[in-house]
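Positions annotated as NADP(+) binding site by TrEMBL: K85, L86, P87, N88, I89, S90, N138, G584, S585, H589, R600, W601, D602, R649. What TrEMBL records for S135, A136, V137, N138, P139, V140, L141, R142 is substrate binding site. Sequence annotations record features per position, and here TrEMBL assigns D-threo-isocitrate binding site to R148, R547. Here TrEMBL flags D351, D548, D552 as Mg(2+) binding site. For K260, Y421, the entry in TrEMBL reads site 'Critical for catalysis'.
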Amino acid sequence: MTDTSKPDVLYTIVDEAPELATASLLPIVRAFAAAADLNVGTKDISLAGRIISTFPESLTDEQRQSDDLADLGVLVKTPDANVIKLPNISASVPQLVAAIEELQAKGYALPDYPEAPATDEEKAIRARYDSIKGSAVNPVLREGNSDRRAAKAVKNYAQNNPHSMGTWASDSKTKVSSMAGNDFYANEVSATITAAQAGDAKIEFVGKDGAVSVLKDVWPLEEGTVADATFMSAKSLASFLAEAIEDTKADGTMFSLHMKATMMKVSDPIIFGHAVVAWLGPVWDKHGEAIKAAGGSPNSGLGDVLAAIDSMDNAAEIKAEIAALDRPSMYMVDSDKGITNLHVPSDVIIDASMPAVIRAGGKGWDEAGNKGDTNCVIPDRSYSTIYDEAINFFKANGALNPSTAGAVANVGLMAQKAEEYGSHPTTFEAPADGTIRVVLANGETLHSHDVEGGDIWRSCTAKAAPIQNWIELAMDRQRLTGSEAIFWLDENRGHDAQLIAIVKPALEAAGVADKFQILAPREATAQTLKTITAGDDSIAISGNVLRDYLTDLYPILELGTSAKMLSIVKLMKGGGLFETGAGGSAPKHVQQLAEENHLRWDSMGEFCALGESFNFLADSKGNAKAGVLGRAAEEATQGILDNNKSPSRKVGEPDNRDSHYWFARYWADALSKQTDDVELANHFGPIAEALIAGEEKIVAELAAAQGKPADLGGYFKTDPEKTAAVMRPSATFNEIIG
Ligand SMILES: NC(=O)C1=CN([C@@H]2O[C@H](COP(=O)(O)OP(=O)(O)OC[C@H]3O[C@@H](n4cnc5c(N)ncnc54)[C@H](OP(=O)(O)O)[C@@H]3O)[C@@H](O)[C@H]2O)C=CC1
Ligand SMILES: O=C(O)CCC(=O)C(=O)O
Ligand SMILES: [Mg+2]
């Protein structure tokens, strides 16, 4: 629910594990902030909240909710923004459907998700739901470029307390497989829009008969925008996937597919669907139409297809045919429950999944729960080379040593829906054989591709001001650190060649060209791994997709998790967006909490973001008390690290809630000891004492909660009272905070 008072800082209400953590941490934050006359408000950007706010006409007054995402989208374009953003669900269709069903069961009279919309009304409902699907939050809020790095204290901690790493054998059969051609990488063309070309462009499909149909009628292109177009051939993709399955069998490894079906919400579910079809092979050829008629959609995963088959009269026959297929083993999401890599498009998400394989020494888990090598299938080559090169490097050199490795920070071009992550409205499956072209406002054809029916065509942009801002941010970070700094750009790619033509003169004009390298992703990976292996640091200056991939890959190798990252988005209009960590909402953690009341979520990202947010408030608004709170929060974060108070993974050991107690205690202690603000020191003195004196009782009360199932009253929309009871089980602690 939205706060009506004017908040100084906004904290987002999200989903899954970070939302559970919020139930414990936010009351502490609010209590501490209130002592400094600061108001921490909330904005609900959870999947359930976004669904509810989209269909007010179906709901009662009590059920209705304001469109907090839209409000935040406006706020981040003002200098007043100070937002702490936790990770939220970017829903795949199966997740969206599950959330709708849960809300319906709770009495929300929402329309069903129309899988195959027929009427205009169904099409309109589908369009509204599709705006909630996939990565619908981050692109709205990210009105600035990203600066992600490990705080010095966090990096030092990781070096002194190295996490476990799998070993890499030089004869590991784990590898990355990508298409040889006719992928997005091969077909990309790009241009920078001139003044004469600027205006509203159109995207058109021209059939073999010359008939023109409009795919996108208004596509605004400003001067200076880098505008790309590319496509992936559906036929080449299908034959590549069929070969990859055979190749995996020949290797005796397991098949795994690594996509970003959440964030690339239009293109990647289609590619995922091709993989499901390839896996089913002759069974799909024979029964595909009937399965589709029964409501099964490969783009929603094998789970959806199998559920549709279950509803068919010849289910047993089809299932026997599937079981008789000669297939390699498959990489599993949950071998105990029989959930494969191909079951749900959002279960295996490349930024988290590839680092997990690499950290484990190239291992995945098969149907029987056995650990083994895997063929990592990443069809498009634009970015797959970073994983291929990393795997080659570790096979040759052994796993990275977290005790000695240097740090990789990232400066990511992300503002204003930059690059592929902004391509959803301009991605199309070719309706038939023909041509797809971009026609500019002045009538000129900018890009044109001959396509076949089913080819996946997409266009995306990066605007001029965000590109300049990104280059400046890179120069700032390099100057402040003196680190090696690499622009991860490939001169052989259409888009990257345009960026290089902007980056090079900008660096030269600033007189800093000698401080930077420009390397293609494969070469940049090799160079970066060499640098950090030698104990030195590197700054990866990258586009939006690589930002996403690199800020999980390197933190997971260096720190064991990307949850501990500092993730700052300096908004272009002067505000601040502080993202917590670089990972997601950890659905597995919720499962563990529900089963045994242990939450292993690490709030280090939230702790870091809190310090940054209060310090930013101090700097941007001259609020001295916020500065005192911010500096003390940094000391508390240091205290968590110095004293090993981060959550453990196992039930019966300290968890997320314990770490919040320690954070509050160190925070209060630092506030009571500082001398910049006597009033705050006096206020927090007794609180710090009470927290210290209550340690034994509080820790015992928190421990007593663990070991039995926890009832949250829902998954996508939990019951606030039940959740508070689960997440705040220490009466002693609550009383001190209250
Ligand atoms: N910024 C955002 O809004 C983001 C949202 N997402 C969304 O999150 C969901 C899950 O995505 P997925 O790719 O599975 O990635 P996650 O990052 O949620 O999970 C991968 C693994 O990373 C570890 N992990 C992540 N965060 C933490 C943390 N704070 N503390 C401890 N461990 C952590 C966990 O490992 P272990 O299980 O071993 O403990 C977890 O299982 C999806 O809906 C996705 O769209 C994803 C990325 C960013
Ligand atoms: O928006 C999303 O779906 C995920 C974002 C993400 O993974 C990231 O920014 O690192
Ligand atoms: Mg990511």
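Every residue gets a Cβ built from N, Cα and C, even glycine.
From a predicted model like this one, the values you see are computed outputs, not experimental measurements.
Features per TrEMBL, on structure.
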residue: K85; record: NADP(+) binding site; DSSP class: strand
residue: S135; record: substrate binding site; DSSP class: coil
residue: V140; record: substrate binding site; DSSP class: helix
residue: K260; record: site 'Critical for catalysis'; DSSP class: coil
residue: R600; record: NADP(+) binding site; DSSP class: coil
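Comparing the recorded positions K85, K260, R600 on other C-beta atoms within 10 angstroms of each C-beta gives the minimum for R600. Among the binding-site residues listed (D351, D548, R600), D548 has its Cα nearest to the Cα of R142 (substrate binding site). With a cut-off of under 6 Å between the Cβ and any atom of ligand 2, the binding-site residues N138, R142, R148, D548, S585 reduce to N138, D548.
Within the set of binding-site residues P87, R148, R547, R600, D602, the entry lying nearest in space to A136 (substrate binding site) is P87 (CA atoms). Residues from the binding-site residues list (P87, R547, S585) with a C-beta closer than 6 Å to any atom of ligand 1: P87, S585.
D351, D548, D552 are the binding-site residues among R148, D351, D548, D552, D602 whose C-beta comes within less than 6 Å of an atom of ligand 3, given in sequence order. Closest to K260 (site 'Critical for catalysis') by Cα-Cα distance, out of the binding-site residues K85, D548, D602, is D548.
When the binding-site residues K85, I89, R148, R547, D552, D602 are screened for a C-alpha within 10 angstroms of the C-alpha of S135 (substrate binding site), the residues that qualify, in sequence order, are I89. Within 10 Å of P139 (substrate binding site), judged by CA to CA distance, lie the following recorded positions from the set P87, R148, Y421, R547, R600: Y421. Nearest in space to N138 (NADP(+) binding site), taking C-alpha to C-alpha distance over the binding-site residues R148, D351, D548, is D548. Ranked by Cβ neighbours within 10 A across all protein chains shown, the binding-site residues I89, A136, V137, V140, L141 are led by I89. DSSP classifies S585 (NADP(+) binding site) as coil under the three-state reduction.
There are 27 other CB atoms within 10 A of the CB of D548 (Mg(2+) binding site), with all protein chains counted.
In this structure, R148 (D-threo-isocitrate binding site) is part of a beta strand by DSSP.
Proximity note: of the listed recorded positions (P87, L141, Y421), none has a CA within 10 Å of the CA of D351 (Mg(2+) binding site). Nearest by CA distance to L141 (substrate binding site), out of the recorded positions K85, Y421, R547, D602, is K85. Sequence-distant contacts of R547 (D-threo-isocitrate binding site), defined by Cβ-Cβ distance under 8 angstroms and a gap of at least six in the same chain, are S146, R148, N410, G412, L413, M414.
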